[in-house]
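A short worksheet on the structure shown next.
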Amino acid sequence: MSDFIFTSESVTEGHPDKICDQISDAVLDALLTEDPESRVACETVVNTGLCLLTGEITSKAKVDYIKLVRNVIKEIGYEGYRAGGFDANSCAVLVALDEQSPDISQGVNEADDVNDDLEDNTGAGDQGIMFGYACDETPELMPLPISLAHRLAIQLSKVRHENMLNYLLPDGKTQVSIDYKNGVPLSINTILISTQHNPEIDGITNEEEIRQRIKEDLWKNVVLPATEDLEIKPNIQTTRFLVNPTGKFVVGGPQGDAGLTGRKIIVDTYGGYARHGGGAFSGKDPTKVDRSAAYAARYVAKSIVKAKLAKKAEVQLSYAIGVAKPISILVETFDTGVISQANLTELINKYFDLRPAAIIKEFDLRNLPQKMGGTFFRKTASYGHFGRRDLDLPWEKVEEKAAQLAEASKVFL
C-alpha cells in the first residue's frame, strides 16, 4: 500500500499516564544521582487525590519520596486553583517499595555466558524483544506523524507554562494524520488537539463559543509556531483542524482518569509506525533491557539511515534474563536498502556491542542523572525518547557510527 493516511498521537506532561512516567523517572534520577549502581523498577499510580509509588528498588541512596512526588506534580502544574482537581500539596502520597528479587539480581550480576570480558559479566535484567526504528521523513530521522504530534504537544505545554493562554490546564493530547503518496509524506490531513481548560474564558461561558475561542487561539499560538520550519505545513483551507471534539474538557488529569506508569509506550517510541516489543521505559534502571536495548536498537537503526544504507530501518533485538549477548538480531529495511539485510546484520555485529553492560557504558546511562544535575531520565518521560531536538541524548548521536557503516559498506556495493 503506497497511498494511505497514517495517524500518531502524543500527550502533554499533564496527562495522567505521563504524570506517572515522570514521577517514576524522577525517582530513578534521584537514586542514580546518589548511587549509580541502583537497581530500580518503580511504578506509579495516580487517581483523584492519590499518588501511589510501588515497585522494587535496591540502592544505597536516601530519597525523600514524598517530597519528590509533590515537587514533580507541582512542576507539571497541578497546584492551587490551576490544579484542575489534583493538587500537589494536598494529594495523598503512598509509598510501597520493596527490594529487587535476589533471583533477578543474581542473573544481572553474573551472566550465564560469563568469561574474562567485563561486558560479558552483566546479564540482561529480563527476557524480551525490543525494536528500534529510523526513517528519512524528518531531519531527526523519525516518522513525520509522531514527530509533528510531539511538536504540537510541546508547544501546547509551552503556551500554558508561559501563561500565553491563561485558561489552559495541564492535561492535553495531540493527534496528527498525514497523507502519504507512494509511501512519502505529502500533506497534513488532520490535526486534533484536546486540551483541558477553565470552565470560563474571559467572561465567555457558552460551550460552543469557548471551543471556537480555544480553536482560534491554538491555531495561532500552537499549530503555526510548531510547524513553521517544516517543509510540509498545515493549511487552514485544506487541513482538518479539530479541537476538543466533545465540546469541553474541564475535568482532566488524575481527577478525570487514573494514570499508570508505562501506558504510553507508543507515544514514547514511534507512534505506531514501527513495531514495539511491549516493554515500557520509565522507572527502570539501565540493566533493564526494555529500556537500554530499545535505546541501542534506535541507535543502530538511526546509524543505518544516517549512513544512507536505507531510507527506513527497523532493528529487532531479543534477550534472555541473565545472558549478556542478544539471542537474536534482525534488521528490516522495507525494500529501501542499498545492501542486503544479511550484509547489514554483518555490519551490526561488527560495529555495535549490544550486550547490556556495553550499552550502559556506551551511553553512560548510570552516570547521566548526576552529570545533568540530577535530572535526565525524567526529561525523556514526556514527548518521546527518540528524535528529541530539545535534549542531548547519547543514542541519537550517530555521526561516528554512520560514517563507519558508510565506509565499511563499500565492500558490498
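Note that Cβ sites are derived from N, Cα and C of the backbone, with glycine treated the same way.
Annotated ATP-binding residues in Swiss-Prot are Asp171, Gly172, Lys173, Lys248, Phe249, Asp257, Arg263, Lys264, Ala280, Lys284, and among His15, His385 the one listed with them is His15. Site annotation (Swiss-Prot, ligand L-methionine) includes Gln100, Asp257, Lys288; from Glu56, Glu208, Glu209, Glu332, the additional listed residue is Glu56. The shortest Cα-Cα distance between Lys264 (ATP binding site) and any of the binding-site residues Asp17, Glu43, Gln100, Lys288 is the one to Asp17.
Averaged across the region 'Flexible loop' (100-110), the predicted model reaches a pLDDT of 58. Secondary structure from DSSP puts Lys264 (ATP binding site) in coil. Spatial neighbours are here defined as Cα atoms within 10 angstroms of one another, and by that definition Glu56 (L-methionine binding site) has no neighbours among the binding-site residues His15, Asp17, Gly172, Lys248, Asp257. The binding-site residues recorded for this entry are His15, Asp17, Gly172, Lys248, Asp257, and the Cα of Asp17 lies nearest to that of Glu43 (K(+) binding site). Cα-Cα distances to Lys288 (L-methionine binding site) place none of the binding-site residues His15, Asp17, Gly172, Lys248, Asp257 within 10 Å. Rounded to a whole number, the distance between the Cα atoms of Gly172 (ATP binding site) and Asp17 (Mg(2+) binding site) is 11 Å.
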